[in-house]
Each structure stands twice: as structure tokens, then as C-alpha cells.
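Each remark here refers to the structure printed beneath this line.
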Amino acid sequence: MQEKMEVQYMVVSFSHKNVDIATREKLSFSQEEIVPFLQEINVCDSIRESILLCTCNRVELYVSMIDKKRAREHIYECFCTHKNIALEDIKNIALMRLNQYAIYHIFSVASSLDSLVIGETQITGQLKLAYKLAFENALCAKDMTRLMHFAFKCAASVRKETDISAHSVSVASTAVRMAEQKLALCDKTLENLPVLVIGSGEMGRLACKHLQNANAQITLVSRTKENARKLALELDSSINIESWEHLEQLLGQYEVLFSATSAPNCIIQSKMVQVSQKQRWWFDLALPRDIENIQMENLHIFCVDDLEEIVQEHKNAREDSAKKAQKILERYSVEFFKWLQTLGIDPIIKHIRYLAKQSALKELDRAVKKGFLPASYQQNVEKILHGAFNTFLHQPTIRLKQASENPQGDPIIEAMKNVFDISDDVVMLNGYKCEKDTIF
């Protein structure tokens, strides 16, 4: 019998918790860079599958692998090569988690417990897109698919069983709240205040939405004007659309600005900004950052890491919900590993049920054709057979799963495959299915 290699999971993380924004900026990936990077990651024969998650708060690599030492060294070298950062620096700043700690972390990320703004729902969509990109480019398959399905189920349970995501929150909403606080110091509000929003992606959309709730007068600028028009139409508001070519002129007209583009370099440089007697508060929600580090009187520039004060207030308010959510994460982490242990037998059980189904339907069809059974009875007889086979297979299924959880269960699994003539190809095919089959 061929030696069975145990699949392990690893997370290599660079997030707002352990790396400052300047370093995250160096480590950030454009959409076009992700697939080539993951292809190089997967070259290592110790790594089976990989996903890269990039947001304004984190750059994280999720992999399934069989040799943690070789996988880790290869991953560090890939980051070093692609981002031109010294190997020792990568090793010093990377936060690595393995197996149950990796799983708990991924569930925490998906459920927004690890977010800068706890309870924000944007991260789940970002993780789904990261998984989709890797899957569609054949960079991940069953290992990560199983994990992602559990992660999204966990996130849904956290939202359903706690109020952690009540009163829609996000990095954008937190930035708008901070803008309100800064304006209040000057006896001003966002109501009827002209505000410039740069970028029509998800972060720009959220900024517009929360500014709209505050009754601000929004001007939207996007490199693609059509995208800005679509966003304005979606929000059904009186958002003013301006051309990208007018950006430099617009900068001198607004006290409050929110920028959230996916540009690879700064779009607002010091040479574009004029000195003003007015206080200005500009919020850079992008990574890499959109706004250069401009030192100018009356100009206050905030990046995502500067939202910490507001974020802490939010964390304190949701402490009870976070504790409940952590219990849910623990439950799902345990369930995931229990489920992984049964995967060796699950595909076999599915195929035995499939064989039972095919045999029953074949004989039933033959009985109807030969006139032994009226055709009008066929549907009800199918239901009876369904119940009979479920009852018959119930106890064997339990026993087989119990055997599969035992380290000595492999001979039993091999014997079942031999008795029912189940090939390894069939086991692998059924292993991709995350939900349990039924007979009918």
C-alpha cells in the first residue's frame, strides 16, 4: 500500500496587526501579479494548493502542503523575489500559523473578527474573490475548496448568531465617522459639505454610501468615468461626476477627501497640492496608498492605520458579540478537522449509496416494464426503497466513519474498496464533493 501523506494547512500573514502600512505597501500585489506569484508558489512539490488574499489591511497566503519546512522556505523566497525584500526581513515580519491555528485564523478572517473594523462584511466578499481567482486558474482544488466552504459557512453563522455585523460597518464608514469628529472640532458637519471621493470600486462605493447618509454633497472622480456614472446611478443620488483629467484642479476645492483607487502608485503628489488657509482632512483608504506623504500646513492626511482610535471604540462596543463569535469559530474549527478525518471513508460511502441507488432503480424499472408493478406506483415505491436503503445503510455508515477516525482504520477502508470494486479515481472524484449524497 502506498504511504499516505497527510495534508497540512499553513497561513503566512502580513496584516495590520503585525506590519505597518509602509511595509504592507511594499508587499501588496496588483490583480495582475497574483496568478504568476501563486504559480511560482505551487512549483514547490511540498505545496499542493494556494490562495493569496490582498486587502488594505492584509497580505496573506493560504496553502495546503505536506512538508512545512520546505513549504515555508519556498514561500519566504517567493515573497523575497517578487517584492525585492531581503529574506531575513521577510522572515522577521511574517506571521506563520499551522494547521488548527491556520484554520482558526482563516475562519476569523472570513468572519471579520480579525479585521481592523470588527464586523465589517467586505472581507467575506474579498476572500471569495481571492478563492475564485485561484480556483479558476487551477491554483487550488479540493483542499482549499473544502476549507473555504467551511470558512464561508462559519462567517454566515457568526452573522446569524451574533449582532457583530449590525449597523453596517467598514473601513469606509469608520473613516467617515472620523471625518465627522475632526469637523466637529471646527464646529462643522458633513451635512451639505462638498466632499471629494476618488475611486469607484467597493471602498469608494461604501464611502459614497455613508457620506450620502450624512447628507454630504458628493463629487466622484474615477479613472473610468462610466464606472463613476454606474455607481451614481446605483446609489440613486445627486452625486456629481467629474473627469479624471480635472483631479489636480479639484484638490484645491475640498476640505474633506476620500481616496480609494487600485492604482499601483500615488495619484496625489505634493506638486499637485497648493497651500490653503482652510483646514483639510484627507483620508487615504487605498493600499498601496493613493496620497503621497505631504507635509503642508492645515493639511491632515490619514491612512487606514490612523483609524485605530475610532476602531477601538467600536471594538469595545462589540466585545460581547466578539466573544460569542469566537465560540462559533472554535466550534467550526473542531468540526472541520473532524470532517477531514472522515474524508477517507466518505467517498466510499457515497459510492456504496450510489451503487445501491442504481441497483434499486434498475430493478424497479424492470418490474414496471414487465408489468409486475403499475407505473402509477413507481414514485411511491422509489420513496419506500429510499427509506429502506437509508435504514439499512445507517448503522454501517456510522461504523465506517468511526473506523476512519481511528489510525488503524486504513485496512478497513482498503477492504471496503476491494469488496465493492471502488477505484482510487472514484474515491478522488467523490472526495471533491463537500455535501453528503443521498440515495434519491
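From the backbone N, Cα and C atoms, a Cβ is placed for every residue, glycine too.
Over in Swiss-Prot, the protein carries these features:
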ACT_SITE  Cys56  active site, nucleophile
BINDING   Thr55, Cys56, Asn57, Arg58, Ser115, Glu120, Thr121, Gln122, Gln126  substrate binding site
BINDING   Gly199, Ser200, Gly201, Glu202, Met203, Gly204  NADP(+) binding site
SITE      His105  site 'Important for activity'
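Mapped onto this structure are the features recorded in Swiss-Prot.
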residue	record	DSSP class
Thr55	substrate binding site	coil
His105	site 'Important for activity'	helix
Ser115	substrate binding site	coil
Gly199	NADP(+) binding site	coil
Gly204	NADP(+) binding site	helix
Just how many other Cβ atoms lie inside 10 Å of the Cβ on Gly201 (NADP(+) binding site)?
14
Integer Å distance between the CA atoms belonging to Ser115 (substrate binding site) and Gly199 (NADP(+) binding site):
22
Are there binding-site residues among Ser200, Gly201, Gly204 that sit within 10 Å of Asn57 (substrate binding site), Cα to Cα? If so, list them; otherwise say none.
none
Indicate whether Gln126 (substrate binding site) is helix, strand or coil by DSSP.
helix
Please report the Cα separation of Met203 (NADP(+) binding site) and Cys56 (active site, nucleophile) in Å, rounded to an integer.
10
Output field, substrate shell: CB within 8 Å of site CB centroid, site Thr55, Cys56, Asn57, Arg58, Ser115, Glu120, Thr121, Gln122, Gln126 dropped:
Ser112, Leu116, Val117, Ile123, Ser170, Val171
Whole-number Å value for how far Thr121 (substrate binding site) lies from Ser200 (NADP(+) binding site) (Cα to Cα):
18
Let me make sure I understand the span of the substrate site: among Thr55, Cys56, Asn57, Arg58, Ser115, Glu120, Thr121, Gln122, Gln126, what is the greatest distance between any two Cα atoms, in Å?
15
If one measures from the C-alpha of Gln126 (substrate binding site) to the C-alpha of Glu202 (NADP(+) binding site), what distance in angstrom results, rounded to a whole number?
10
How far is it from Thr121 (substrate binding site) to the residue listed as 'active site, nucleophile', counting Cα to Cα, in Å?
14
Using a 10 Å cut-off, grab the number of neighbouring Cβ atoms around the Cβ of His105 (site 'Important for activity'), all chains included.
22
What is the Cβ neighbour count of Ser115 (substrate binding site) at a 10 Å cut-off, with all protein chains included?
23
May I ask for the distance between Gly204 (NADP(+) binding site) and Cys56 (active site, nucleophile), taken between their Cα atoms and rounded to an integer number of Å?
13
